[in-house]
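*Asks:* Dropping the structure in here first, questions after.
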Amino acid sequence: MTTGEFINIYPTELKFPFELRKQSACSMQLSNKTDQYIAFKVKTTNPKKYCVRPNAGVVLPGSSCNVTVTMQAQKEAPPDMQCKDKFLIQSAIAPTGTTNKDVTTEIFNREDGKVIDEFKLRVVYVPANPPSPVPEGSEEGGSPRTSLTEDDSKSTSLPEAVSRSLEESKAKSSPSEAWSLISRLTDEKASALQQNQKLRQELELVRKEINKSNAGGVSMFVVLIGLIGLLVGYLINKT
């Protein structure tokens, strides 16, 4: 804030968001710190580039006035985004009852020891769209995601792997993605359990078939031995 004999001015510099081929605006506040009518006038070193509303007026005792400064669209950016434009705000005591229409250049003439306060404000360009900071946990800065190695996959059963993936997904996914992934992994887990059960049932059937085959082989062997024995006994009796 800039403090003078009659008014306070805020801010101390005019900051314009700069973007090529687009207008930009900023404002300043003039506050009357006296119990008198204070007239003001705003001047600039580049009047064709800026539009000031109001560029002159009266601030009533103890009140404030907002001034809007609009910069016309620029076709090119200045070197190093540095601007040499400046604004001058003049203020002086005005007769009681003075209105904005009554403010003329004569009020700011330095005659008969009249006090004229003057403030200079510089122009600063700021980026219209500053880059957003990199969020924590991004690909570059975040910790690497834990995954199952080939040896782990050999020693870990499918249901356990699915359960581990499910827990990781709950912790690292967004709510909507997490619910979708949880549903899919739950289905995969149920399918894996069914396949595991089916394989066990088929294995049991194979074992039973093998046992039957072994038992049948022994019976046929016994029958064959018996037939051979009968044949040998018949031949012996015949001789």
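Residue positions begin at 1 at the first shown residue.
Cβ coordinates come from backbone N, Cα and C, glycine included.
A TrEMBL annotation is a machine prediction, not a hand-curated record.
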*Asks:* Per TrEMBL, which of 77-111, 112-146, 182-216 is coiled coil?
*Replies:* 182-216
*Asks:* For the domain 'MSP' (6-126), how many residues does DSSP put in helix, in strand and in coil?
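*Replies:* So the counts come to 10 helix, 62 strand, 49 coil.
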